[in-house]
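S.K.: First the structure, which I've put down as structure tokens, then a few questions once you've had a look.
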């Protein structure tokens, strides 16, 4: 009887621990990507500020242009929102392990708060872009940190994190659209209202015991290194000096060798995100239904919401449905890109904006599915000693795709609008 009671108590404790970890990493994913998503959802409003300050309706000089173009493509916001993150993701895996997780997390929160305050208070587009860049730094630094942190926890934390990032897209876009639409809050005031998100991020970090998990891992590494050193070195001073000199070079070379096996995950992910964000930041703003009750900016916001709905559904689906052949996803997403190009030039022939909303949801399903299945496959196929580094490096794949999409979106916008 006692053994049964002990087993029941242990089972309840394990379920409770599983639930806390799942909810905690879900919230960490939500908070990490929330600011990034809000900046993209607000892109049309931020850039419109440069033209006519507050209005988002078509202006007189643009009556002959069926696209109602902004002076600057929303791809500019995308670049400010991704380039800092890309730089961090490319370089961080090689030095990040030297920074304590608690210090990393403090920097993540500081940049998240700074982004919302700067964009919320700024009335100059250039300064707003700096605020967007702060959101990018927070998101990029946070993604690589939290993905590496999942390597200290059971595999369900990867699924929880991915689901949380998907929810960030949906809730971030939806909250901004709701505040600026039905609730009629000014776009920049809406951004300031979202300052509670970094506070929730701090709560989630404490909730999962991230500090303790990272400390245990660091202690284990130190013990392991000390044991290896004691076993492999003798009293020969010259040999010790040689080992010390070659250690850094050897570790760096070993890390570079781990990158090649990751290309089969990174290339499909990068291609999916290139097509996806070229659609989002290059074509969404050009698909304008003049006869709709929604203003141009409102249409853009609700495209973002429906896209994020698709992302959330697919990022939360890995426990039920998995995609083993990742190369299929870029083919589907590039097909979507071609369909959206047709929508740009044939908007007048589309009977309802709801058809575009449906296509946007499908686009989000493919993008979210690529993300969660890529990192899930890494978590089960890469050996545990290399998993932390691999998670960080693989996260570069989506950033490369997004960056190239942003670079192409600007000249594409100019060419179509002219």
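Each residue's number is its place along the chain shown, starting with 1.
Including glycine, each Cβ sits where the backbone N, Cα and C put it.
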S.K.: Looking at 55-75, 76-96, I want to know which stretch TrEMBL calls transmembrane segment.
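M.R.: Residues 76-96 are the ones TrEMBL records as transmembrane segment.
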S.K.: Which of these ranges is annotated transmembrane segment in TrEMBL: 226-243, 244-261, 262-279?
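M.R.: Within the set 226-243, 244-261, 262-279, TrEMBL attaches transmembrane segment to 262-279.
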S.K.: Please give the sequence-distant neighbours of the transmembrane segment (352-372): residues at least 6 beyond its ends with Cβ less than 8 Å from one of its Cβ atoms.
M.R.: 159, 162-163, 165-166, 169, 268-269, 272-273, 276, 279, 287, 289, 292, 294, 299, 302-303, 306-318, 323, 326, 329-330, 332-333, 336, 339-340, 343, 398
S.K.: List, by number or range, the same-chain residues at least 6 past the transmembrane segment (76-96) whose CB is under 8 A from its CB atoms?
M.R.: 36, 39-40, 43, 46-47, 104, 129-130, 132-133, 135-137, 139-141, 143-145, 148, 252, 255, 277, 280-281, 389, 392-393, 395-396, 399-400, 402-403, 405-407, 409-410
S.K.: To the transmembrane segment (191-208), which of 18-39, 105-138, 158-179, 392-412 is linked by the most Cβ pairs under 8 Å?
M.R.: 18-39
S.K.: For the transmembrane segment (105-138), which stretch among 18-39, 158-179, 392-412 has the most Cβ pairs under 8 A?
M.R.: 18-39
